[in-house]
Amino acid sequence: QLRRQARERREYLQRRAREQQQQRQRERRESLKRALDENRLLPTELRHEALALQKELEFDFEAPAGTGDNQDDEYRWAGLEPPKVMVTTSRDPSSRLRLFAKELCLLLPGARRMNRGRAELGALVGACRAAGVTDLLVLHETRGRPDGLTVSHLPHGPTAYFTLSGAVLRQEVGGLGGAPLAAPHLLLLRLDSTVGTILKHLFPVPRPESRRVVTFANEDDVILVRNHVYRRRGRTVELEEVGPRFQLRPYLIRLGTLEQGDAADVEWRWHPYTATAPKRRLLSAT
C-alpha cells in the first residue's frame, strides 16, 4: 500500500512537471508569434531558439475548448461524482468547536463528522484515503473560539490553510427552523484563483430547483461565507440567512497532503508585508 501511494504520488508529480514544461513552451511560441505578427524585435530570451520555435509554429494548431492541459490534475474529474468530505477537529475540542463542526457538515451536503480522539495525522489521512474520502477538513480553536481551518484534498493534495474568524452559529443567526440539506448554488465573487477551485469542489452539483445559495465573497483577500435560502413571492425574491456565518483568510497552499507538513512544496504563501497597494487583491488574480 505504501509503495502504491508513493508510485501514484511520483506519477502525479511527473505529470504536473511535464504539463508545466509544455505550458512554458507554449507561452514562448505565442510570444514569438505575436512578435512576428506585429513586425517588431524578438524578445531577448527567444533569439537563440527562434528558428526552432518557428518550425514548431508550422505544426501548431488551436486545441478545442476543454481539451487542453490541466495542471490541477486532482480536480480534473471533479463533478462526475459527489465529493466525500470528512470534517474533524483538533484534539480535545471544546463544546463550541464540536457544535461548529456539526454546522459545517450541514453547510457541506453529504459531509460527515469524525471524532478526532487520539488519532495522529498520518493515521487520520490514511484512513480517509482508504475510505475514498476526497477532502479532509480539520478545524482548530484557541480558548474555545474557532480560528483555523485546513482543507486537504485527497489522495495527493493540494492542502490549503485558512485563518477563521467571526464564527456565528445557526442558533445565533436565527432564520429557518430546519437546516436545508439540498445541494446549494454557489456564488464566487472575485474568487478566480486556486482558492476558489479548492472551495467550490467541496460541494456537489446542485439541482436546478434548489432554493439554497452559498456565497464566497472576496473582500480584500478576506472570504466572507454566507448561507441563504431564497423564496419567490410573485416577482420578488426574499433571502433568509440560515447560517453558519464566518470569514476565511488563506495564508498557505501546499502541493502535498496534510500529513506531509513542511516536506510538501509551497504553491502559494501570503506575504502581508510585501504586498503593495497594486498587488493587494491576490485571490481574484487569474
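Every residue, even glycine, has its Cβ placed from backbone N, Cα and C.
Feature annotations, courtesy of TrEMBL:
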type	residues	note
REGION	1-32	region 'Disordered'
COMPBIAS	8-32	compositional bias 'Basic and acidic residues'
DOMAIN	83-259	domain 'Brix'
Checklist entry - Tally of helix, strand and coil residues over the region 'Disordered' (1-32) according to DSSP? => result 31 helix, 0 strand, 1 coil
Item to check | Averaged pLDDT, computed only over the residues in the domain 'Brix' (83-259) | outcome: 91
